[in-house]
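Student: Just passing along the structure, written as structure tokens.
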Amino acid sequence: MEHTHAHLAANSSACGLGFVPVVYYSFLLCLGLPANILTVIILSQLVARRQKSSYNYLLALAAADILVLFFIVFVDFLLEDFILTMQMPPIPDKIIEVLEFSSIHTSIWITVPLTVDRYIAVCHPLKYHTVSYPARTRKVILSVYITCFLTSIPYYWWPNIWTEDYISTSMHHVLVWIHCFTVYLVPCSIFFILNSIIVYKLRRKSNFRLRGYSTGKTTAILFTITSIFATLWAPRIIMILYHLYGAPIQNPWLVHIMLDVANMLALLNTAINFFLYCFISKRFRTMAAATLKALFKCQKQPVQFYTNHNFSITSSPWISPANSHCIKMLVYQYDKHGKPIKVSP
């Protein structure tokens, strides 16, 4: 993320918002880090109990958000801009910048396979367990993490376009456009297309009911996450492109205020998922309360019964468990490696 304070430290108007950014980012870190750690704990329990692919994706998302909060909010904004009030040496600073882009790309792109997972569950329910299962999900998550890191290496040469002596080059334009496409335009296009198909599919079924909280709740969480992401990240993308191609802004104080607000909104996305899960899912809310209660009382949580082989008819909302005997289909269970095993009903 761009520095908007450190390089103007000598100027009395270095930060137009005064102490608002340091207070905001401190609050965001103190709120978001424990919330995401608690989310990891709860989702780890749900993954062990239910062997659901969507829980694995949400778990990976929480882990990526923790990395974003550490590298961007703590190291970049708080440590470098407000505590040290100076930039790190060039090479370590650029390495940290690569890790920042890697973490933010992972946080965004891990939602894409989750969207595909929900699309298959809703639109192709009978194929869901042959396509999406824990072993494959873990491979997809690992691939996303590795790919996002490797594709973030070119951001070692990411320009600081907000300095007064910045000189635009063609390589900088390419990097900026790649950033805008990879973190916003392409993911939002995928979210919009697949979510539109899901909504269309749901509305076509007049007898649709959210039977079994799995698909209904997870799909609602997906819609909420993607909608909030598109809203909170839009100001940052607009600011970057406007500053790159728009008319020169004579008031740098106003520029830095606008960028500060845009960055604040974008990073808010990494700290609020826990509260969205609690609001939407009663199961998650109950487990969060039990975990916090056990934590404050220094007690072990009661052992939850679960089976290593998770039987499931379907994750589709179209099929009621009461009516599943009317449908000719296969029942799947998972082996110890998380791969589905076909068992005749």
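We count from 1, first residue shown onward.
Yeah, the Cβs are placed from backbone N, Cα and C, and that goes for glycine too.
The following feature annotations were taken from Swiss-Prot:
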type	residues	note
TOPO_DOM	1-21	topological domain 'Extracellular'
CARBOHYD	Asn11	N-linked glycosylation site
TRANSMEM	22-42	transmembrane segment
TOPO_DOM	43-57	topological domain 'Cytoplasmic'
TRANSMEM	58-78	transmembrane segment
TOPO_DOM	79-94	topological domain 'Extracellular'
TRANSMEM	95-115	transmembrane segment
TOPO_DOM	116-140	topological domain 'Cytoplasmic'
TRANSMEM	141-161	transmembrane segment
TOPO_DOM	162-173	topological domain 'Extracellular'
TRANSMEM	174-194	transmembrane segment
TOPO_DOM	195-220	topological domain 'Cytoplasmic'
TRANSMEM	221-241	transmembrane segment
TOPO_DOM	242-260	topological domain 'Extracellular'
TRANSMEM	261-281	transmembrane segment
TOPO_DOM	282-345	topological domain 'Cytoplasmic'
Student: When the topological domain 'Cytoplasmic' (116-140) is classified with DSSP, how many of its residues are helical, how many are strand and how many are coil?
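Tutor: Secondary-structure composition of the topological domain 'Cytoplasmic' (116-140): 22 helix, 0 strand, 3 coil.
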Student: Just give the helix, strand and coil counts over the topological domain 'Cytoplasmic' (43-57), going by DSSP.
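Tutor: The topological domain 'Cytoplasmic' (43-57) comes out at 13 helix, 0 strand, 2 coil.
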Student: From the DSSP assignment alone, can you count helix, strand and coil residues within the topological domain 'Extracellular' (79-94)?
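Tutor: Looking at the topological domain 'Extracellular' (79-94) with DSSP, the answer is 10 helix, 0 strand, 6 coil.
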Student: Same-chain Cβ contacts of the transmembrane segment (141-161) under 8 Å, 6 or more residues past its ends?
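Tutor: Sequence-remote neighbours of the transmembrane segment (141-161) are 2-3, 7, 56-57, 60, 64, 94-95, 97-99, 101-102, 105-106, 109-110, 112-113, 168-169, 171-172, 175-176, 178-179, 182, 240, 243-244.
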Student: Give the nonlocal contacts of the transmembrane segment (221-241) in its own chain as ranges (CB under 8 Å, at least six residues past its ends).
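Tutor: 58, 61, 108, 111, 114-115, 118, 161, 176, 179-180, 183-185, 187-188, 191, 195, 258-259, 261-263, 265-266, 268-269, 272-273, 276-277, 280-281.
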Student: Ranking 22-42, 95-115, 261-281 by Cβ pairs under 8 Å to the transmembrane segment (174-194), which is first?
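Tutor: The stretch with the most close Cβ contacts to the transmembrane segment (174-194) is 95-115.
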Student: Mean pLDDT for the topological domain 'Cytoplasmic' (43-57), rounded to an integer?
Tutor: 90
